[in-house]
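Here the structure comes first, spelled out in structure tokens, and everything after it is commentary.
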Amino acid sequence: MSAVLVAILVLLSLAIIFGLILGYAAVQFKVEGNPIVDQIDDILPQTQCGQCGYPGCRPYAEAIANGEAINKCPPGGQTTIEALADLLDVEAVALDAEHGEESVKTVAYIREDECIGCTKCIQACPVDAILGAAKQMHTVIVSECTGCDLCVEPCPVDCIDMLPIETTLNNWKWTPPVPGIELIATDTGYSSDPLSSEQALNKQALNKQASSKEKAVS
Amino acid sequence: MSKIFAFHGGIHPPENKKQSTRAPIRLAPVPEQLVIPVQQHIGAPAKPCVKPGEHVLKGQVIAVAQGRISVSVHASSSGTIVEISPKAVPHPSGLDATCITIQTDGKDLWTEHQGLGDYRALERSSIIDFIRNHGIAGMGGAGFPTDVKLHLGDDHIVNTLIINAAECEPYITADDMLIRERADQIVGGIEIISYLLNPTHILIGIEDNKAHAIRVLEEALRSTTLNIDIVVVPTKYPSGGEKQLVQLLTGVEVPSGRIPADVGIVCQNVGTAAAIYQAVQHGIPLISRVVTVTGAAVSKPQNLEALIGTPLKTLLDTAKIKRDQLSRLVMGGPMMGFTIEDDGIPVIKTSNCIIAATQEEMPPAPPAQACIRCGLCEQACPAELLPQQLYWFAKSREFDKAKNHNLFDCIECGACSYVCPSNIPLVQYYRFAKNEIRTEEAEQRKADQARQRFEARQARLDQEKADKEARRKDRAVQAAKTQAAKKTATEAAEANPEDKIKQLKTAAAITRTKLKKALTALETAKVESSDNIAQLDLQYQQAEHAANDAQKALESAEQNPPPSLTIAPDIKQLKTQAAVARTKLKKAQQALKIAEEKSHDGAELLRVTVAQLEEKAKSAQKAFDNVDENAAHNSAAQETLPKEAALNAIDLKALKQNVSIMRTKLKKAEKAMELTEASSPEATELEQEISRLTQLHQQAKTQLDNEEARKTSIAAAQGVDLKKLKIDAALARAAVTKLERSIKKLQETAEPELNSPELDKLQSELAAAQQKATLLNNTLSQFE
């Protein structure tokens, strides 16, 4: 009887102690906001283009944290989707074409002699990358431009072009080497279906045989 | 002799160095056009400081260094600047970059140049600036600006200076030949570097396949006071790699992601040392370098001292290229160099070798086979990495994992590819992966910047919004305050009937104006027989109704005058006093009359009393008038029209009474005069009395007239008080009738001669009254 009582008392006191520790920790080490949103926001490309249907990258990050699909970011492309899938432990799906396709990176370019200085593009730019004033010629700060496209629409004289980023010696990249002959499944880097490729090879071989036989007959 | 350490891995490819060491260094011919890229080094490109058409001399600065890591660029020969434009440069991408093209004049005229002489007397920083301004960048291959390596700052203590003479890559003999022929320059350069860095010991690392060079170098070192050790290392690729050489000579491994300077070691190439000597001693900038032109496709493989900017074609022609045998043109060594397609690209500061290879010499890479996990690459890797692992990661684009496997410690030496039995282009995979990671990092940086900018903008917009909201709220509070003030004013007006009356009057005036407008519109419509008469009629009726209502409200308000008027009892009292005085006077006068009629003795006494009473009555009247006037003024000031009107009415009445009293008195006096004899003393007295009374009458009359005129003017000012106007008009008409009657009476009485001036006056008064009456009538008709 006393053993049971002692056990109960010990467990009770332990429960109280840990409860107090947890309660203190909950107050003292409270995390402001949702940390997962920050992590998602870090992965997103921050073009602030709104192609996902949200007004900027952070709202989309918040939406993803609340269960929105991860494949709505064309500027981020497949890389971003994979990173997001990795972070959220969900399946990496293909980019949702409804929101646009992954394209080459561009920067806005204002044809300055056509600019009328209406400041509409300045108001549209989500990262303040356009410099100018009313009735003054505007220009794009190329290093700050995210290529989001948002300034093109409001321009009343259509003097903004989205030009692909020029390849210079500084941003030139080595092309991925041509992969050689893949003998085993892991050579490709992805776990593809080995059966189908084998079948295709067999089919090819059979076709060859058939055609040679046909030739011999005729 | 120092102890020789070892580094992991390494390979022993065929050297192929003998071909190009048979002939001494020859000067390459000055080409017709020199194409000098503004960026031949790592760091920021130099900024062109010449213009097309300008004539430049040999050694003249044509582009100045920009930023910390940058060096200047000089004209390699005299001539004219043709253009500054993007042209093909030695780069694996084959892309164009800004180049300055000089049309040489063949004179090869030097600009003024001078060495520093006794550099030991100079400040170290000025020597370093001198080196920077003479365009010296590392000549071993990477092209890192030399001045940066010589000026490391106080946080780096250099204890070992390593001169890299290993030249481990096959085919290349430029450094070998340089040592053989210009060892004194190299030693001189080492002396300058050691003065600048002040190292505790200096090592020259050289591979054992350069016996001739080692001998020459040992010879040259005898002339120097410096303690320089020549460390002969076994020939093994890539012993010439900076980190590998450091490990070979000192046994110190440079930590991952750090530079040798972090462990107190500085590495300089022999070519760089020679260039430093040339610059500091002779003021000759880096405008030429020794280039090995070799390969099976050239008849005379040799080392050429070529001006920077010389097209490769010139060098190949000098070495007698057999174009029909040429299959591949490689810039740099066979291990780390890159294939170039265009032989028009120029020699730059880092170009140490050109290999014109035949098909047999460098066959195209066979197709890559599958990795058989043999592990040879791991054994060959001088950086002790896991090339196979990195290959998988690079291939499957798992760059994070590749990075975690220290991909960035890879020096891209190509040893792994060389040993790979499956011919997998491993280095290409690593370069690709490095590129991707760098791009990703750059994008991440850009994304962070964009996020910062976006958030800053968002914060700014929110702030603006909040400010706007605050301003709006402020305005709302202000508006509410004014509204409240207005409300209290209205309430006060309601409490104060005068204000209310004023408001009502304004309202009545507005409705009247509306009514008038409606009437005009209706009439116009009637005249034009318009279609909407009915509608206008309705409108007119509505307006009339509204006007009537407003008028009624105003009248009712006016009929209930303010209950408490401070002046009213005063005026009343005064009025009563005046009336009392007048009654007394009347009585006294009556008594006097009776006495006079009876020729009583007490007439004299009575007359005195009458005079006294008259005085009293006059003063009472005056007091009353004064107060009345004040009241009128006050009311005018307060714009309390009904009160004024009431006061005016009272005033007018009193004045009229006065006038009539005077008139009656006058008549009575005249009657008495008629009764008495003309010659009697009483008659004279009576005459005097009459004239006095006439005067009084006159006064009262003028007062009345003035008051009436004032009232009319007030009425006119108020403009639209119909009722008052009507009353005024009626009063004026009555005055006219009265005056007419009095004139008739006067005419009827006897002695027209006596009364003629009075009659005239009355007639003129009548005319004035008539005029006023017609005026008032006109005004009235206007409003009606």
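Here the Cβ of each residue, glycine as well, is placed from N, Cα and C on the backbone.
Features reported for this protein in TrEMBL:
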{"type": "REGION", "residues": "A:1-26", "note": "region 'Hydrophobic'"}
{"type": "DOMAIN", "residues": "A:32-90", "note": "domain '4Fe-4S'"}
{"type": "BINDING", "residues": "A:C49, A:C52, A:C57, A:C73", "note": "[4Fe-4S] cluster 1 binding site"}
{"type": "DOMAIN", "residues": "A:106-135", "note": "domain '4Fe-4S ferredoxin-type'"}
{"type": "BINDING", "residues": "A:C115, A:C118, A:C121, A:C155", "note": "[4Fe-4S] cluster 2 binding site"}
{"type": "BINDING", "residues": "A:C125, A:C145, A:C148, A:C151", "note": "[4Fe-4S] cluster 3 binding site"}
{"type": "DOMAIN", "residues": "A:136-165", "note": "domain '4Fe-4S ferredoxin-type'"}
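Here the features listed in TrEMBL are painted onto the structure.
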residue	record	Cβ within 10 Å
A:C49	[4Fe-4S] cluster 1 binding site	20
A:C52	[4Fe-4S] cluster 1 binding site	26
A:C57	[4Fe-4S] cluster 1 binding site	29
A:C73	[4Fe-4S] cluster 1 binding site	27
A:C115	[4Fe-4S] cluster 2 binding site	18
A:C118	[4Fe-4S] cluster 2 binding site	16
A:C125	[4Fe-4S] cluster 3 binding site	26
A:C148	[4Fe-4S] cluster 3 binding site	25
A:C151	[4Fe-4S] cluster 3 binding site	23
A:C155	[4Fe-4S] cluster 2 binding site	20
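When other Cβ atoms within 10 Å of the Cβ of A:C145 ([4Fe-4S] cluster 3 binding site) are tallied across all protein chains shown, the result is 23. Under the DSSP three-state reduction, A:C121 ([4Fe-4S] cluster 2 binding site) is assigned to helix. Here A:C151 ([4Fe-4S] cluster 3 binding site) is positioned 10 angstrom away from A:C49 ([4Fe-4S] cluster 1 binding site), judged by their C-alpha atoms. In space, A:C148 is the closest of the binding-site residues A:C118, A:C121, A:C125, A:C148, A:C155 to A:C57 ([4Fe-4S] cluster 1 binding site), judged by Cα positions. In sequence order, the binding-site residues near chain B, meaning those of A:C57, A:C73, A:C145, A:C151 whose CB lies under 8 Å from a CB of that chain, are A:C57. Of the candidate binding-site residues, A:C115, A:C118, A:C145, A:C148, the one lying closest to A:C73 ([4Fe-4S] cluster 1 binding site) when CA atoms are compared is A:C148. When the Cα of A:C115 ([4Fe-4S] cluster 2 binding site) is compared against those of the binding-site residues A:C52, A:C125, A:C145, A:C151, the shortest separation belongs to A:C151. The Cβ of A:C121 ([4Fe-4S] cluster 2 binding site) lies under 8 Å from the Cβ of A:A108, A:I110, A:I130, A:H138, A:C151, A:P154, A:C155, A:I160, each of these being in the same chain and 6 or more residues away along the sequence. Taking Cα separation as the measure, A:C118 ([4Fe-4S] cluster 2 binding site) is nearest to A:C125 of the binding-site residues A:C52, A:C125, A:C145, A:C148. One way to see the shell of the [4Fe-4S] cluster 3 site is to take the Cβ centroid of A:C125, A:C145, A:C148, A:C151; the remaining same-chain residues with a Cβ within 8 Å of it are A:A108, A:C121, A:A124, A:P126, A:V127, A:A129, A:I130, A:V140, A:T146, A:G147, A:D149, A:L150. Report note: the [4Fe-4S] cluster 1 site is defined by A:C49, A:C52, A:C57, A:C73, and the residues of the same chain whose CB lies within 8 Å of the CB centroid of those residues, excluding them, are A:L44, A:P45, A:T47, A:Q48, A:G50, A:Q51, A:Y54, A:G56, A:Y60, A:K72, A:P74, A:P75, A:G76. Across the region 'Hydrophobic' (A:1-26), DSSP classifies residues as 25 helix, 0 strand, 1 coil.
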